[in-house]
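Colleague: This is the structure, below, for whatever I ask next.
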Amino acid sequence: MFNMNINSPVRFVKETNRAKSPTRQSPGAAGYDLYSAYDYTIPPGERQLIKTDISMSMPKFCYGRIAPRSGLSLKGIDIGGGVIDEDYRGNIGVILINNGKCTFNVNTGDRIAQLIYQRIYYPELEEVQSLDSTDRGAQGFGSTGLR
């Protein structure tokens, strides 16, 4: 069903000379680091759209998932949103959320997030009157416990 050549390159454009190419930091890294093209200041409890000045063409049957970097997560920096659709061709922006207690500064060229390519499935949706039952049912949000 998925006829995708995993060795095909993903095409990207540097929109300005401030943009840096996405990079993997090790051969086994799942994500490609994304870099800020500008300086930003994010006060505690605030969020900021960080521009990369990179646009790219996602592989067929894939989307890009923008994920946090573990080092930034330790500082209370998280990601908002985080999906790059297969047909999006604009400047890739990353929403950084400062959950920390101190102002967070982003400098031009800082690694701000990682881009992970994931396969996507486009099912047909069918509205029905009821769903088959399961042992769990509609129990959610902590219903399975911690252990």
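Yeah, the Cβs are placed from backbone N, Cα and C, and that goes for glycine too.
Pulled the feature table from Swiss-Prot, pasting it below:
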BINDING   ARG24  Mg(2+) binding site
BINDING   PRO68, ARG69, SER70, GLY82, VAL83, ILE84, ASP85, TYR88, GLY93, ILE95, ARG111  dUTP binding site
Colleague: Helix, strand or coil at SER70 (dUTP binding site), per DSSP?
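Modeller: DSSP call for SER70 (dUTP binding site): helix.
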Colleague: What does the structure give for the C-alpha distance between ARG111 (dUTP binding site) and the residue listed as 'Mg(2+) binding site'? Integer Å is fine.
Modeller: 11
Colleague: Taking only the Cα atoms, work out how far SER70 (dUTP binding site) lies from the residue listed as 'Mg(2+) binding site', in Å, as a whole number.
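Modeller: Their Cα atoms are separated by 14 Å.
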Colleague: I'd like to know which of these binding-site residues, ARG24, ARG111, is least surrounded, judged by other CB atoms within 10 A.
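Modeller: Least crowded of the binding-site residues ARG24, ARG111, by Cβ count within 10 Å, is ARG24.
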Colleague: At its widest, how many Å does the recorded dUTP site span between Cα atoms of PRO68, ARG69, SER70, GLY82, VAL83, ILE84, ASP85, TYR88, GLY93, ILE95, ARG111?
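Modeller: Between the most distant Cα atoms of the dUTP site, 26 Å.
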Colleague: Ten-angstrom check, please: count other Cβ atoms within 10 Å of the Cβ of ASP85 (dUTP binding site), all chains counted.
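Modeller: ASP85 (dUTP binding site): 10 neighbouring Cβ atoms within 10 Å.
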Colleague: Reported as an integer number of Å, what is the Cα distance between PRO68 (dUTP binding site) and ARG24 (Mg(2+) binding site)?
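Modeller: With distance taken Cα to Cα, ARG24 (Mg(2+) binding site) is 14 Å from PRO68 (dUTP binding site).
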Colleague: When a 10 Å sphere is centred on the Cβ of GLY93 (dUTP binding site), how many other Cβ atoms does it contain?
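Modeller: Looking across every protein chain shown, the total is 18.
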Colleague: PRO68, SER70, VAL83: which of these binding-site residues has the sparsest Cβ neighbourhood within 10 Å?
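Modeller: Among the binding-site residues PRO68, SER70, VAL83, the sparsest Cβ neighbourhood within 10 Å belongs to SER70.
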Colleague: Compute the C-alpha separation of VAL83 (dUTP binding site) from ARG24 (Mg(2+) binding site), stating it in Å without decimals.
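Modeller: On Cα coordinates alone, these residues lie 19 Å apart.
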